[in-house]
Amino acid sequence: MEDFVRQCFNPMIVELAEKAMKEYGEDPKIETNKFAAICTHLEVCFMYSDFHFIDERGESIIVESGDPNALLKHRFEIIEGRDRTMAWTVVNSICNTTGVEKPKFLPDLYDYKENRFIEIGVTRREVHIYYLEKANKIKSEKTHIHIFSFTGEEMATKADYTLDEESRARIKTRLFTIRQEMASRGLWDSFVSPREAKRQLKKDLKSQEPCAGLPTKVSHRTSPALKTLEPMWMDSNRTAALRASFLKCQKK
């Protein structure tokens, strides 16, 4: 799985995910399913934001090849992927500027057009189950929830999917591609089933020679995925370096 992640995802995303896991005492080389899940979630957040702008009239537009002279503002503020302090600073700034209610938990995005925070979910299970879990945790009608699955299903608050159909289709296609690539390598079943993943993990650990500095016990703490990472982009070109590798995995 680790090799797959490094082949399939942009190196910047891999670096962010590695830093998040190591900060919480988790090893990407051991907890490879979590490694893959964090990379996937971060990539979906980028894709959700990518190409969406607000013009000088306040209208939402899609621009795939940017005009440097255009007065455009990113429609979405990416909160996911920043270190925790910076993320809360951004959230507080948005709340002070717009008057929206401050969320109890760090959301993933802010939508300047709809004036609401967004929580993005990517699940290997039934979308409605994961949606209810998210809603129960957040306990706020102000934060919009949008869940995607690897099977092409999605669920959003009040069936409001925020993005146009084509933009959502890009995300669904990417997730389906990840699933197919995992399946072709025999990785999908263990990625979906925690029980199978634990069995595979024990098998992998037994096959490894003892290594200095390598944790011998897997951490089961839940890390707030990517919430404590350093900000990697702060201007209008923040997603440009990632776009080329978003749509498909590298060939095996």
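Using N, Cα and C of the backbone, Cβ positions are placed for all residues, glycine too.
Here Swiss-Prot flags Glu80, Asp108 as active site, drawing on similarity to another entry. Swiss-Prot lists Arg195, Lys198, Arg199 with the feature site 'Important for efficient shutoff activity and nuclear localization'. What Swiss-Prot lists as site 'Important for efficient shutoff activity' is Lys202, Lys203, Lys206, and the listing cites similarity to another entry.
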Between Asp108 (active site) and Glu80 (active site): CA-CA distance (Å): 5
Cβ-Cβ neighbours of Asp108 (active site) (radius 10 Å): 27
